[in-house]
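In what follows, a single structure is set out as C-alpha cells and then discussed.
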Amino acid sequence: MAPGFTLLVLHITQQGEVLADMCFTPVNAFKRYNTELELNTGKDYKAERVEIRVSGDVGAFIGVNSLRAVSYLMQAGNQLTESRVADSLMSFENFYRSIQKVVWRSRDGSSADQSYYFSSMNHNIDVNKTFENCGLIALSTLSIEANPNSEICKSSGQLSCAVSGCYNSEQKCNGQLDCSDGYDERDCLIEEESDYEYKISRMSRTTFLYDADDGDWGWREIKKNDHEGVEFEPLMAPRMADDWYFTAFSMSSTLGFSVIPAPVQFSTKRPLVMHLSGPSSCRHGEQVGLRLILLNNDRLEALVLLQLVGSDHYKFIQVEMNGIVSSYSARLTSGDHQVLVYLAPESQQHIDFPIVPTINQGTINIMFVATAQTGRSICKHTITVYGEGGQINKHTSLFLDLKNRALVLSYLDIVVEESPIVPYEEWRRYVFGSPKASITLTGDLIGPVFTTTPLTTDSLLGRIAKGTDARVFELAANIWALHYLRLTNQLQLHKLKETLEEANVIMANIMRRYNSTGSFRNWDTSLPSVWLTAWTIRVFKHATFPDWEYYLYIDPKIFNESVSWLLKHQTEKGSFVETYSTVFDSKYNTNNSEVALTALVVVTLSETLGLISGNVRSASAIAIQRATQYLESLISIPLSIDIFQLSLSTYALTFVKSDKFELAYSLLYSKRKQNYEGLIYWSTEEIPSNPIKLENQRPFLRPRLYHENDSLAVETTSWAMLVVLQREGITNTTDKIIQWLTSVRMFNSGFISTFDSAVAFQAFTEYAFRARLQDITDISVAVDMTAEGNRKHKMHIGNSSFQQPEIIKLNKIWGHVNVVAKGAGQAVVQMDVSYGIDIEHLREVSTYPTFGLNVTEYYSTYRNKSIITIQSCLRWVRSLPPYSSAAVLEMEIPTGYHLLESEAENIAKSGVHPTLRDGKTAEGKTVWFFDKVEQEWSCFNHTIRRWYPVANLTKYRQAILYESTARERFVQVLFNSTPLYVLNICEVCGSYQCPYCPFYNLAAHLLPSFTPEILLLLLYFQLVCL
C-alpha cells in the first residue's frame, strides 16, 4: 500500500443526493524487513581492501553504493534514503500538494533529509472533485454535486476554476495564477527552488555531482536468486585519500523495498601513500628526474625506506660532492638504490630521483617501493625511449600475388648501413642506436585492420590531426574497415560494438561544427565549405547501415538540411562552387576546380537521394540532372579537364547512368599510365616506382620515396578503380591497379594523406568483396633476415587468420630481407625502417621545393632554461599556385617541456598569424594548423615551459611543414639545441642530491654531527634489552 492509501466514504441520501468524503493516510512499507550493511576493515589494515557484508531478504536484489563525503554533504539527492523514495512515490498522487508533510533538514549536510507524512483530510469543493482526486469516475443516474462552472468549461474543452472562469491544460501548474482563486496551481509538484539553490550553494564545484573517476568503486549488484540473505563482497579501495558514505538497499519479490536507515562512513586515507610522476617518453641518453611525493596520513611520525628497484634498463645518476655532476658523462650506478626519509605526523615530502635509460629504444618500467612501520606502497612509471636526432621513415610495400603462380621470391633492401661512421668525414650516416625496423604480413589487402580502436590519423598516417576534415577521415576509415570485414565475412559482434561506440564520439566531434542551415565548417573561425559538407554527408551515408543502426544512428534531418544547403551553391550552368577562394584540398586548386567539386557533389547527392524526402528530394534530383549535363558537356571537350577531374566525373556519371558514360570511360581508360612492371595507374605525370638496387644479379627492392602528386595519383587511381569495378568486375586490369596502389603505400594502414586513403579504402573494399579470395587463401611466407645469422621467421595466412597481422621486429638493422611465399591467394608484406640524423644534408626533401621554414629558439634569462620561446617563420616558395592549400606544422619540443592546448588555441585565436586556425599539443610535440601558407614570410611565437626536470637533452630536433591533403609537399628542418644539451641534472633540479635545489636531502650534512650520539643511544638500548 506504499506510500499510502485513500479511504473514500460514500453515502446516498433519501433525496437521491450523493455525499462523499475522503481521507489519505500514509503507510511506511519499508520496515517489513531490515537491510544491514557492515564494512570489515580488519582483513587489511593498509586500507587497500575492504570487505562489505550486506544482508537482505532471501533471494532479493541487493545494491550497494558509495559516495564521496564532499558530494554527500551537499545532500543533492544522489543517495537512496527512505524519505527520498517516499517523496518520489508521493509525487505520483493526484493531490500531492495537499498532503501534510514535515521535513527535517540538516544545516551542514551531515545527514540526509527526513520526511514525515501525516493523514490528510478532504479539501475538494464538491463531490465530483472528490471522486476525481481518488482516481475514480462516477457513473450514476443520481445527482452528484458539481461546480456549475465545470459544465461550461468542459463544453469548451477547458478546466474550471473553483469560483469562476476557465483555464486550459497548458496553464495548469505553469507557475502563474490564471484563475483568480489560484485553482489552476492546486495539487502541483512543489518546486523547491530555494532548497535546490541551498543544496548547490553548499559547494561551488558542481563536478562533484558526477564523479567520473572513482565514484562507482563501491557499487555492487547482487542479483543471485540463491543467496540466503547475507553476502560478502571484497572491494579494492581507490588510491585517493577521501571519506566515503556507503548506502545499501534491497528489493524483495515478497517483502518489497528496504534501505539502511543511515549511511556507513568509510575512509580511504592510507597511512602511507606514494605518488610518482614524470615524462612518458624521452630520447636515448637523456637524464630524467622522476618526482615522488610521500604522504604520511597517520598521526604518528614515520621513518620510510624508499627504494628504487634496480633494472638492466636504467641506472641511477650519482651527484658528486657540492652538487658537481656532468651533463654528458655523469657517474651512473646500477642495482637497488635506497633512501631513508623522515615524515612528520600528517606531512609529506618531495623527492626527486634521477635515472637514465640504458637501452637505445623501447619501453622501460621504473619501480619504487616505500616501506614504513605503517604500511608499504609500490609505484611504477613507464617511459618510452626513442632514438636521437631528426627521424627519417622509410616504407616498402610488397604485393604477394599467388593467384596464378605458386612461388614468389623477393629481396627487400634495408637502407641503413651496419656502421654510421663515414671514413675521413666529420658527419655520420645516422645517430648511434636510432635505427628501428619491423616487417608486417597481412592477408587483408586493405592493410592491418583495427591496429587501434578506433582507427585514427595517428595509427593510419602517423600524424596528429585536428579539425572537422580529420574527424571525417577517421569516421570514413572506421566505417570502411567495418564494411571490409562485413563483406569478407570477418566481422565480429564485439568489434562492431566497440568500433561504433567510438564512431559515435567521432561523429559528435564532427557535429560540433555543424550549422543549423545544414553546412559544415572545418574550424570555429572558418566559413562553411561545400567540399567538406559533401564529403561529410557522403561518409554519413556509408555509416548509415540497417544492421548497426541500433549502435550508430544518424538523423535523416541532417541529410535533408545538408543537401538543401548544397543545392543553394549550384550555378545557373549546373556546376557547384565553393563559398570562399581558399581551397582546403590541393587537388581542387586548379583552373577548373568547380569541375571536380561538381562531380563530388553529384556523387554525394546520388548516394544520399534515398535518405532524403519531401521537396528537398525532388530539388536534389533536378540538381543532379543539371550537374550531369554540365559534366557531360565537359566530357565532350577532353582538353578542358585534367585526369583527376575526368576520373571523378566518370565515377559520378556511373551513378546517374549517363549516356556519356561510355565516352567518359573510354577517354579515362585511354589516359592510363603503366610503370616498368606493367602496373596501371592514373596521374597527371609519371609516378616512379620503388628504386631497384642490383647486386650479385639480385634485384633488391628499396623503400619508396615521396614524389610530386603522389596523393593525387592515389585518389585518381582509386576513383578509376571504382569505375572499372562497376563496369567490368574483377579482371586483369583491376589486379594491376590494386598492385600499383599497394606498391605506393607509405604507411602500413594508410597511403599518402587523408582523403586519398579514404577513397582507396573504398576501392580495396569493393575489390575484396568481388574477388572472394579469402576462401582459397593458403599462403606460407618465410622471412630471412640476413644480418641476424640467417634467422628465419615462418608465417602462415589462411582463411581464418586474416585479421591477425604478423609483425616481426628486426634486431640488427642492416643488410636485406629475403621473402619467400608459397601457396595460393594474395597477401601484403610491408617493411618500416626509421633512423635518426643530425646533419642537414641527410634530411628528407620533396621532389620540388615547396615550403620555406625557419625555427629559432629564445631561452629565458634564467640559467636552467625553464622557459623557451620558439619562433616559427614559414612561406610558400612556388609561384603557381600563389599559395598552398591547408598546411600542418609539426614542431618537436624538448622532453619535459609542455604547452597547454588551451594556450595553443588562444594563440591561434589571437590573430598573431593571419592564416593560423588552431593548435594542438601532444607528448614531445606541438602541432599548428593553417588555412594556407602564402609566399611572404610570416612568423608566430609560442612559449613552452618545463614541467619535468630532464637533463642532457637531445642536441637535434626537427620540424616538418606539409600540406594536409598532399603529404609529398613538405619541408623538414633540423635545429640545434646545444644550450639544452649541456644542462646537467642539478641545473634542472632533478635530484634530491643537489644542494641548491628546493628539495634537497639535508641528511648528508646533519648526520656526521649526530653520529656519536646516535651510536651511544643504540648501544644503550641494546644493553637494556639484554
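From the backbone N, Cα and C atoms, a Cβ is placed for every residue, glycine too.
So that you can see what the record holds, here are the features copied from TrEMBL:
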DISULFID  CYS161-CYS179  disulfide bond
DISULFID  CYS173-CYS188  disulfide bond
DOMAIN    216-308  domain 'Alpha-2-macroglobulin'
DOMAIN    884-975  domain 'Alpha-macroglobulin receptor-binding'
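Annotated features taken from TrEMBL, shown on the structure.
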{"residue": "CYS161", "record": "disulfide bond", "Cβ neighbours (10 Å)": "21"}
{"residue": "CYS173", "record": "disulfide bond", "Cβ neighbours (10 Å)": "15"}
{"residue": "CYS179", "record": "disulfide bond", "Cβ neighbours (10 Å)": "20"}
{"residue": "CYS188", "record": "disulfide bond", "Cβ neighbours (10 Å)": "13"}
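Residue counts for the domain 'Alpha-macroglobulin receptor-binding' (884-975) under DSSP, split into helix (H, G, I), strand (E, B) and coil, are 9 helix, 50 strand, 33 coil.
Separating the Cα atoms of CYS179 (disulfide bond) and CYS173 (disulfide bond) is a whole-number distance of 11 Å.
Restricting the average to the domain 'Alpha-macroglobulin receptor-binding' (884-975) gives a pLDDT of 96. Assigned with DSSP, the residues of the domain 'Alpha-2-macroglobulin' (216-308) fall into helix, strand and coil as follows: 0 helix, 54 strand, 39 coil. CYS188 (disulfide bond) sits 15 Å from CYS161 (disulfide bond), counting Cα to Cα.
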